[in-house]
Amino acid sequence: MTAPEKADVLRSLDGWAESNLLPLLKPVERAWQPHDLLPDSASPGFREAVDELRARAREIPDDYYVCLVGNMVTEEALPTYHAALNSFVGYDSPSSADAWARWSRGWTAEENRHGDLLNRYLYLCGRVDVRRVEQTIHHLINAGMRLASDKCPYRGFIYTAFQERATAVSHGNTARRAMALGDASLARICGAIASDEKRHEAAYTRVVDQLFALTPDAAVRALEYMMRERILMPAYYMFDGRDPDLFRHYAAVAQRLGVYTTADYADLVQFFVDRWGVADLGPGLTGEGRQAQDYVCRLPERVRRMDQLDARRRLQPQTRQVPFSWLFDRHVELLT
């Protein structure tokens with residue numbers, strides 16, 4: 001199938017999207033807003049509340065803030081993700097009433113709160129160099145993202161399903177770590193974002209469910225392509241103006257803290273292979289489709305073996321210290 005033919009399949013699902021995607025968006029009146037989770041700037045007790053927030057923040061180690069800033073920078077590149085999502089189905093009207101277009105706008109509106117919330121928290125906490133963080137966001141939006149879908153909407157939706165689940169894992173783990181460090185307010189912030197990401201993951205997973213049901217050969221080949229390319233985080237091109245390996249350093253800290261790990265990636269692959277019934281695809285697959293099926297079904301075990309090798313290496317870790325401009329050039333330990 002050509003990319004335009006795949007886009008036609010998706011557009012034919014507009015009625016399905018009306019019934020199965022739009023209900024996953026929360027009405028604005030019921031949705032949390034960043035203001036709900038931060039000190040109220042109009043309250044007489046605002047300064048005291050900020051002082052309490054900053055006192056809790058002082059007890060949290062720098063490596064946690066590397067992960068939190070990296071997550072926030074990822075969320076703030078939303079203009080890139082909105083443009084990519086619209087390109088999957090071919091919508092360019094900002095006011096289309098089609099279900100896909102309304103989903104795109106509604107999803108973007110919900111996602112917009114994530115970066116706003118983390119950005120405001122980081123501004124208030126006093127632990128990070130806000131200007132350096134802002135420059136990193138600016139650089140990332142300028143740079144775009146490595147989607148590797150080659151204009152194929154099937155690959156694009158597979159990528160998005162993976163990313164929503166990955167970000168849910170990452171924000172969920174930062175929430176649990178904040179709670180373990182004694183900051184329940186910060187845990188609620190990260191947990192609220194993780195909850196949104198789980199709903200969004202459910203939506204994009206349902207889309208790919210439909211692609212496997214309608215066009216299994218094209219769907220499994222698209223999945224194989226994305227797995228061979230390896231799903232990279234959308235902030236892969238993050239840059240602070242100084243460190244050309246900033247994403248790799250951020251990811252290494254996240255791996256060491258257990259915020260997002262190779263094992264998490266293996267779990268993601270296994271989840272989607274099972275969810276989309278890849279092993280059970282039978283009649284109707286071409287030779288290339290069967291080869292794709294075989295590759296994808298073997299992949300989780302291969303990734304787990306890689307993680308086991310990494311785990312053995314971590315038993316005798318070699319570390320080094322890397323300065324992060326986000327933290328006023330304070331050094332953070334990385335596994336090498």
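Glycine is treated like the rest: Cβ placed from N, Cα and C.
Feature annotation from TrEMBL assigns Fe cation 1 binding site to Glu75, Glu111, His114, Glu197. The Cβ of Glu197 (Fe cation 1 binding site) lies under 8 Å from the Cβ of Glu164, Arg165, Thr167, Ala168, His171, each of these being in the same chain and 6 or more residues away along the sequence.
What TrEMBL lists as Fe cation 2 binding site is Glu111, Glu164, Glu197, His200. Summarising the environment of Glu164 (Fe cation 2 binding site), the number of other Cβ atoms within 10 Å of its Cβ, over all protein chains shown, is 22. DSSP assigns Glu164 (Fe cation 2 binding site) to a helix in the three-state reduction.
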Three-state secondary structure, which DSSP defines for Glu75 (Fe cation 1 binding site): helix
Measuring Cα to Cα, how many Å separate Glu75 (Fe cation 1 binding site) from His200 (Fe cation 2 binding site)? 14
Could you say which of the binding-site residues Glu75, Glu111 has its Cβ with the most other Cβ atoms inside 10 Å? Glu75
Rounding to whole Å, the Cα atoms of Glu111 (Fe cation 1 binding site) and His200 (Fe cation 2 binding site) are apart by 9
In the chain carrying His200 (Fe cation 2 binding site), residues 6 or more apart in sequence that have Cβ under 8 angstroms from it: Leu24, Trp107, Glu110, Glu111, Glu164
